[in-house]
Amino acid sequence: MNNLIILPIIIPFIIGAVLIIFAKHHRLQRVVSGFTAVGMLILSIYLAIVVYQDGVIVLEAGNWAAPFGIVLVADMFATLMVLLTSLLSAACLFFAFKTITPKREKFFFYPFYFFLLVGVNGAFLTGDIFNLFVFFEVMLLSSYALIVNGGTKYQLRESFKYVIINVFASALFVVAVAWLYSVTGTLNMAHISERVAELEQTGVVNVIAIMFFIVFASKGALFPLYFWLPKSYFGPPAAIAALFGGLLTKVGIYAIIRVFTLIFYHEPTYTHKAVIVTIAGFTMLFGVLGAVSQFDFKRILSYHIISQVGYMVMGLGIFTPLAVAGAIYYIVHHMIVKTALFLFAGAAERVTGTTDLKKMGGLLKTHPVLSWMFFISAISLAGIPPFSGFFSKFPIILAGFQEEQYIISGVALLVGLLTLFSMMKIFSYAFWGKQKHTDEQAKLPIGKLLLPIAPLVALTIILGIAAEPIFQYSLQVAEQIMDPSIYIESVLKE
Amino acid sequence: MEILMSIIIGIIFTVSVYLFLSRSIIRVVLGTLLLSHGVHLLLITMSELQRGAPPLLNLGAESYTDPLPQALVLTAIVIAFGVTSLLLVMVYRTYKEHETDDLEELRGSADE
Amino acid sequence: MKQLRPNDMMLQVSMRLITLIIFAFSFYLFLAGHNNPGGGFIGGLMTASAILVLYLAFDMKTITKAIPFNFTTMIGVGLLFAVFTGIASMLYGFPFLTQFFDYFQFPVFGEVELTTALPFDLGVYLVVVGAALTIILAIAEDDK
């Protein structure tokens, strides 16, 4: 019983509700949400430290004992994700202060922003499979509202597809939960894990496992269910696109990792090494090919989300502590860098008025700080040492070779090369070359826009230089999630 | 009873998929509505349809209805209500902006 | 340009009566929710439909004057109600959302069970009324 871990869920909830009431007071909304974001960041750091030192914290909501009531479980993986969420949401929020137009603010931007965080944090912390669905829906409902925020023609058209694919996936989620309930008779994830272990994972349990995989794959944009992502992330303003790009697909990936390490871990040769690894390979390859073929700043970044989601799932698919640790490291790296890159795209768009690479050029001369910060993030994303991208891809690929998964490891290396290529494409078109924006645009001060991004860029450098302690931490996280008995014992207290 | 329900759920799913694949935007919304109904029925059916006994938790009870699926379905209905209403507003706005409800025309061109 | 209004006197008079009945029933459903079918969600939907019937029978302006609530604010207030019920138990050291109930003697009603689930349900009720009407009015107001 520890109410600390409910706070990352109810604080944004309360603030979101309060901000609905004061929807007309722009200044007040900004002040309140700014302080909340910083407060959440401090809280989540504290939570991560507490869990790191004292082990898993479990809260039985409503004082109902474990298998019967809903539990919230904060293990190291969950608190790490909550910490990243708070970090990204704070950065995007401060970026939004400078870029979101009052017209968009009026459509309940801040309340939905915080409800999104309720859903995301809830999905990370919950220990109940149906509750996971509920928090997913909270997150998705807010994301529907945010992605159409502003209501341009393009947004409405593309968001409709985003909403429909997610509604369909959510329906399948309920189907999967219903099947799982009929087989195991419980909803508590720890309890399900025990029951599945007794049942032996064969036949129908494997079907359910793949069903869950399909559900989370469509939310996490895995092959072949990624087609909604690039177009729908293009529409909304940069702050929202950055938050979505950094955060939303990773919730799906988190759910995949959670479900396939805690519940369906008995048949790794089928589920992990065959299905997940294959899907991961195709996801990486098609994502990066999409990125290579594009000529738009935001679209290239969106396609890269897909290819990088593939790396994370590949780490899970190889399923050794080293690979899973690499996947976790990669999630940390990716969330930070991807958000930074999307925000850079927003800042560059502010200057040039476009994200079409053919109409951009010469930003290096007029905005050197922006350009070099982008350069660092870009090569970090491509996996050049000494930045975080290298040290997070390295263990995944190393584990791939150790486990004799040569094809997937080769694909991962090739995808890294193509990532570098498309990042350099952005750099050479948008930042090098002749200046294509007017001199007036060149004088636009964007220093304030770069402030919220600077910590993220600093973090990718730190994550690279301090790779050893951070990798040790990811390894601990990986060992904790790969040993389901820790989770089960702390929830069911046996 | 479960077999009958399974067949009905199958029919509902079929119809909703058909609606999903149609060109009119409002039909797609109706498809989501129908799909959620099918899913809710499935959730109830999957926990065995028990009749004639109250969902009371008494350790000595010989027969009781499982109360959990009912709670789950209620939650799922509320969520479906929220999603559908949001979707309706969104579809309406889309229709207003684009002045068409034909998804073929809402496809979007390749160059933008 | 306004079209000639049809004479909907019958509708208006009967709706005044019917709405009251629906209101009363929705309130009953809301209170019954703890141990019987009903609850905040259903009660809220029914109240929303009662108000909606009023909107149908009369015009927008009249009802907006008669019911001077901002329905969006109502959502916020409802959410706060619900969450603070949960927090209240935290203040006494119990886990979030722990509920309590006890029996009290009242002069007219006799013995009544009072639970902390009631304020929570009130929150749900407010959210549902607010959300349903906000969404319907958002489409309706757009038509002018």
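Easy rule for this one: first residue shown is 1, then count along the chain.
Each Cβ is built from the backbone N, Cα and C atoms, and glycine gets one as well.
Here TrEMBL flags A:6-24, A:64-95, A:107-126, A:132-151, A:163-183, A:203-229, A:241-264, A:270-289, A:301-322, A:328-348, A:369-387, A:449-467 (among others) as transmembrane segment. What TrEMBL lists as domain 'NADH:quinone oxidoreductase/Mrp antiporter transmembrane' is A:128-416.
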(request) Determine which residues of the chain contact the transmembrane segment (A:328-348) at the Cβ level, with the cut-off under 8 Å and only residues 6 or more beyond its ends counted. (result) 77, 80-81, 84, 87-88, 91-92, 95, 99, 237-239, 241-243, 245-247, 250, 253-254, 297-298, 301, 304-305, 308, 311-312, 315, 355, 360, 363, 370, 373-374, 377-378, 380-381, 388-389, 391-393, 395-396, 430, 446, 449-450, 452-453, 456-457, 459-460, 463, 470-471, 474, 477-478
(message) Using Cβ distances below 8 Å and needing 3 or more such pairs, separated by at least 6 in sequence, tell me whether the transmembrane segment (A:301-322) contacts the transmembrane segment (A:449-467).
(response) no
(request) Rank A:132-151, A:203-229, A:241-264 by Cβ pairs under 8 Å to the transmembrane segment (A:270-289) and hand me the top one. (result) A:203-229
(request) Please give the sequence-distant neighbours of the transmembrane segment (A:132-151): residues at least 6 beyond its ends with Cβ less than 8 Å from one of its Cβ atoms. (result) 101, 103-104, 107-109, 112-113, 115-116, 118-120, 122-123, 126, 159, 162-163, 166, 170, 173-174, 177, 189, 219, 232, 235-237, 240, 243-244, 248, 251, 255
(message) Is it the case that the transmembrane segment (A:107-126) and the transmembrane segment (A:449-467) touch, counting contact as three or more CB pairs under 8 Å in which the residues of each pair are 6 or more positions apart?
(response) no
(request) Given the cut-off of 8 Å on Cβ pairs that are 6 or more apart in sequence, determine whether the transmembrane segment (A:449-467) and the transmembrane segment (A:64-95) share at least 3 such pairs. (result) yes
(request) Could you give the residue numbers and ranges of same-chain residues that sit at least 6 residues beyond the transmembrane segment (A:64-95) on either side and whose C-beta is under 8 angstroms from one of its C-beta atoms? (result) 5-6, 8-9, 33-34, 37-38, 40-41, 43-45, 47-48, 51-52, 56-58, 113, 117, 120-121, 124-128, 131, 186, 188-191, 238-240, 242-243, 246-247, 250, 254, 257-258, 328, 331-332, 335-336, 339-340, 343, 346, 449, 451-453, 455-456, 459, 476-477, 480-481, 486-487, 490-493
(message) So if I exclude everything within five residues of the ends of the transmembrane segment (A:203-229), which remaining residues of that chain have a CB under 8 angstroms from its CBs? That is, six or more out.
(response) 136, 140, 161-162, 165-166, 168-170, 172-173, 175-176, 179-180, 183, 196, 248-253, 255-256, 259-260, 263-264, 267, 270-271, 275-276, 279-280, 282-283, 286-287, 302, 305-306, 309-310, 313
